[in-house]
Amino acid sequence: MRIVSKLTFLGMIFLFSVNAYAGQLDSSGLLDTLLDKFQQVASTWSLVIGDYANWLFWGLVLISMVWTFGMLAMQGEGLINALAEIVRFFAVIGFFYYLLINGPAIAQSIINSMRQLAANALGTSTGISPSSIVDIAFVILTKVSSAASIWSPMISTIMITVAIIVLVVMALIAINMLIMLVSAWVLCYAGVILLGFGGSKWTSDIAINYLHTVLSIGIQLFTMTLIIGIGQSFIDQYFSIIKNDIPDLNSLIVLLLASIILLVLTNKLPLLLSGVVGGASLQGDRWFWSRYGYWRCYYCNQWRWGNGNERYSSSQWWCFRSKSSI
């Protein structure tokens, strides 16, 4: 009895404290304001980092030029081959220099286009922002805390607890989108230094991977916007019921389950689709077939199956590790 009375007393204090402070803090648009300020600061990085990327680019161009033309001179190639190599060299350099100059604009266009494409698919013009997700949870918490009754402290405490859990889950979904957007801005403005590595044929893959990463993040934002838009349309139905009527525990439980499902989907599906661009989903398959798969023996021209842990003779071991799969 003492434990029950203490819990009831604490629940009453909690209800009064929530009702007292629920309307004092304005949380609307909090994450969007934070994101806008971060984008404003990050947009100034490209000017400074771009200068260093420019020096890096032309330094690597000079090294690559000395090596390429030196090898042409030592190999004694004909005039036609030399001219073809020179044209090919400067064409590649011109392409990567174009990426260096317009890299931030290209990356930002890819990100914005993917988000706008998802918004058009959902039938909205503004799209979905992190604050639009959290604001719903704050309104639900305020509505539940305002409807809490001192005559039913246990039920009211449970409902407020469920509303807080819904707020936490919604906040995690919004934080996932916020992290993706912040990563996109960092990659657009600070990642321009990676485009400086396009000045050399030995490091040009870094610049190409920059574009792959930008497209991968764009696809993740595209998928996340679609998933959140579908889930938000489902949540809005129960949110309108809670907003217009007195909230009940069943509606809150349904909102909690819907928000948890939405959180799991936003964690899994964007990575799955972005792996098509980045190749992450294929790395596991390559590892599997390199570890457990068929390998052709160049010495005996036979196919072997195994995991590489067996003991073989010297020729058989080289046969097995030749890594020539089907």
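Using the three backbone atoms N, Cα and C, a Cβ is placed for every residue, glycine included.
Marked as signal peptide by TrEMBL: 1-22.
Taken from TrEMBL, the feature transmembrane segment covers 55-74 (among others). Residues of the same chain lying 6 or more positions beyond the ends of the transmembrane segment (55-74) and with a Cβ under 8 Å from any Cβ of it are 81-82, 85-86, 89, 93, 96-97, 100, 193, 195-203.
Tertiary proximity for the transmembrane segment (86-111) is limited to same-chain residues at least six positions away from its ends with a CB under 8 Å from its CB atoms, namely 46, 50, 53-54, 57, 61, 64-65, 68-69, 184, 187-189, 191-192, 195-196, 198-199, 201, 204, 207, 210-211, 214-215, 217-218, 221. Residues or ranges marked as transmembrane segment by TrEMBL: 86-111 (among others).
If you look up TrEMBL, you'll see 153-173 (among others) marked as transmembrane segment.
Tertiary proximity for the transmembrane segment (179-198) is limited to same-chain residues at least six positions away from its ends with a CB under 8 Å from its CB atoms, namely 35, 38-39, 42-46, 49-50, 52-57, 60, 96-97, 99-100, 103-104, 107-108, 111, 130, 204, 206-210, 213-214, 217-218, 220-221, 224, 270. Annotation comment: TrEMBL describes 179-198 (among others) as transmembrane segment.
According to TrEMBL, the transmembrane segment annotation covers 210-235 (among others).
Beyond its flanks by at least six residues, the transmembrane segment (247-265) meets 137, 140, 143-144, 147, 155, 158-159, 162-163, 165-166, 169-170, 172-173, 176, 227-228, 231, 234-235, 238-239, 241 of its own chain at Cβ-Cβ distances under 8 Å. The transmembrane segment feature in TrEMBL is assigned to 247-265 (among others).
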